[in-house]
Amino acid sequence: RASQQADTERLSRWKKWRRTSSKSLRKALSEVKGLSSYLVLWQRDIHSIEGKFGTGIQSYFSFLRFLVLLNFIIFILMFSFVTLPIIISEYGIFNSTIAYISPKNIDDNCTIYEPSGNKGLVYFYTYIKDLFSGTGFLEVTILFYGYYTIDAVWISIMRYNLPLAYLLATFSYLALSFLWIIKRSGEGFMQNLVHDADPFQSYCNKVFAGWDFCITDPNAARLKHRSLHYELQTDLQEEKLKQKIAERTMKEKLRIYSLRIFINIIVIAILSGCFYSIYRVTVFSQENSNVSIRNDTRTHSANLLVQYLPSMVITLANFIGPLIFSYLIRFEDYTPAFEIKLTLMRCVFVRLANIGVLLFSLWSQISDCAADKCEPCGYNYKLYPCWESDVGQEMYKLMIFDFIVILAVPLFVDFPRMLLVTHCSCKLIQWFGYQEFGISDNVLEIIYGQTICWIGTFFSPLLPAIATIKYFIIFYVKKIVLIHTRKPAARPVRASASNFFFLMVLLIGLILAFVPLGVSIAQIPSSKACGPFRNFNTSWEVIPDTILDFPTVLQQILFGMASEAFAVPFFMI
């Protein structure tokens with residue numbers, strides 16, 4: 001220091017000023033960075049949760065925050081490029097108008113679409129029914145695909161191609177989600193790699209370099225202390241389990257492997273039962289809801305029950321399946337981190353396959369061409385004049401019902417259980433005690449909802465806005481549940497391992513969402529009575545149709561890139 005001060009005295013005034021300015025600037029930037037942390041959504045809440053309940057549970061809430069931000073960005077994207085141009089043109093802002101192109105070479109029967117909008121005197125409960133089912137007044141709003149029956153928007157002298165914008169916005173939100181998940185999972189993968197390379201090194205890092213010496217607040221110090229305590233507890237518990245596994249005798253190994261095989265047979269049977277039940281219920285619901293529409297003999301509540309039957313059975317399977325899997329996994333004697341991974345994978349098959357079965361049954365009805373039902377439109381236009389809006393309504397109902405269940409479980413299960421444990425001294429109730437905060441169950445809830453959002457956004461462009469509000473509310477509900485009605489898991493989980501795996505399961509959900517969207521865009525004929533693609537055989541045809549307006553050289557390059565010879569190696573790489 002004395003040497004630096006002596007050097008400083010020999011400097012010129014200009015160099016002294018530059019050094020002082022540089023110091024001040026670094027200090028100002030450091031303070032701005034510290035203040036900007038307060039602007040991060042739920043930063044203090046998540047920091048508090050980390051100290052009280054460990055990094056495993058903290059990783060769940062960080063994951064929830066990531067999905068809130070992701071859905072908000074997707075909503076901004078869809079609203080800006082799909083919904084906003086129509087709103088601008090309807091009000092004539094910027095000298096804008098709407099351009100309609102009459103469908104060519106299409107039978108008049110294919111263009112008939114009469115949404116079940118409420119007309120005349122309407123009872124209040126009808127609006128409630130419409131709000132939950134997406135029918136009635138909601139069917140003719142910007143929420144669903146059928147509203148966007150516009151071919152182009154003229155803003156001043158510029159022609160805005162809405163069908164092309166709709167399709168490109170869909171590809172953009174899928175690509176954005178994919179790249180963002182890959183980026184975040186890359187960080188978790190590096191942490192996992194470092195930890196798995198040498199567990200002892202990870203232990204030394206926590207002991208000798210785990211403390212944050214920037215902490216000056218006593219409360220923050222206590223939070224950091226608890227966080228390190230949970231991390232060390234996790235390490236020691238995993239080492240203990242590894243030692244126990246290494247000391248197993250041949251008889252014990254035979255017993256545990258036989259038990260695991262038996263449990264996996266039970267799991268496969270449960271999965272098969274769920275898939276078959278969803279398929280039968282969805283077919284029943286489609287057939288009976290169509291009968292009720294034609295005959296109009298059922299009451300509004302009965303119609304709503306029939307429409308919601310697939311959502312109810314799917315939610316029931318999603319609720320019961322993870323409970324059974326969480327109970328069975330205890331007997332398989334795995335490490336805490338692997339328990340979460342295996343339970344998640346089992347639950348993924350239940351939740352995501354349920355959505356797949358629902359969509360498969362819907363497509364089988366839409367493409368049911370027996371007795372020439374599809375002539376001349378290419379799809380079952382009598383039952384589904386605007387099939388995209390019908391699929392959007394199913395996704396909307398799944399999301400709403402899932403949200404209702406997430407709110408109902410704490411209200412009607414967790415809080416009564418907490419009151420009984422607190423105020424009742426019965427030995428049986430005290431034996432049950434507080435329910436543990438299961439990370440795998442809670443993560444699957446939000447991954448399931450996010451997969452619905454990814455699939456449904458094409459059919460309901462404003463679904464990401466609903467998902468954003470839903471996850472925002474869920475954060476506070478889960479926080480209250482965690483603090484007041486549940487207890488942390490008896491076996492804590494490391495954040496780096498769980499965070500990476502959460503994102504991998506989310507990536508599986510995104511990749512599975514590509515399949516139904518790809519089939520809907522490229523395979524199933526688009527509705528001729530509604531939507532921006534009514535003048536195209538499929539939604540994908542807007543791309544080659546737009547390319548034909550380009551110069552010949554550019555056309556050849558783009559069509560070459562779209563060929564199998566280029567596309568297959570590109571996507572493999």
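Using N, Cα and C of the backbone, Cβ positions are placed for all residues, glycine too.
What TrEMBL records for this protein:
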{"type": "TRANSMEM", "residues": "63-88", "note": "transmembrane segment"}
{"type": "TRANSMEM", "residues": "137-157", "note": "transmembrane segment"}
{"type": "TRANSMEM", "residues": "163-182", "note": "transmembrane segment"}
{"type": "TRANSMEM", "residues": "257-279", "note": "transmembrane segment"}
{"type": "TRANSMEM", "residues": "308-331", "note": "transmembrane segment"}
{"type": "TRANSMEM", "residues": "343-363", "note": "transmembrane segment"}
{"type": "DOMAIN", "residues": "386-496", "note": "domain 'TMC'"}
{"type": "TRANSMEM", "residues": "395-413", "note": "transmembrane segment"}
{"type": "TRANSMEM", "residues": "452-477", "note": "transmembrane segment"}
{"type": "TRANSMEM", "residues": "497-519", "note": "transmembrane segment"}
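Long-range contacts of the transmembrane segment (257-279) within the same chain: residues 310, 313-314, 317, 321, 324-325, 328, 331-332, 346, 349-350, 353-354, 357-358, 360-361, each at least 6 residues beyond the stretch ends and with a Cβ under 8 Å from a Cβ of the stretch.
Long-range contacts of the transmembrane segment (308-331) within its own chain (CB-CB distance under 8 A, at least 6 residues past either end) are made by residues 132-133, 259, 263, 266-267, 270-271, 274, 277-278, 281-282, 284-285, 339, 342-343, 346-347, 350-351, 354-355, 358, 394, 397-398, 401-402, 405, 438, 440-441, 444-445, 448.
Sequence-distant contacts of the transmembrane segment (63-88), counting only residues of its own chain at least 6 positions beyond either end whose CB sits under 8 Å from a CB of the stretch, comprise 41-42, 46, 94, 96, 98, 142, 148, 150, 153, 155, 160, 162, 165-166, 168-169, 172-173, 176-177, 180, 184, 443, 446, 450, 453, 457, 461-462, 464-465, 467-468, 471-472, 474-475, 478, 499, 502-503. Within the model, the domain 'TMC' (386-496) carries an average pLDDT of 84.
In summary, the transmembrane segment (343-363) lies against the transmembrane segment (497-519): three or more C-beta pairs, each 6 or more positions apart in sequence, are under 8 Å. Residue counts for the domain 'TMC' (386-496) under DSSP (helix as H, G, I; strand as E, B; rest coil) come to 85 helix, 4 strand, 22 coil.
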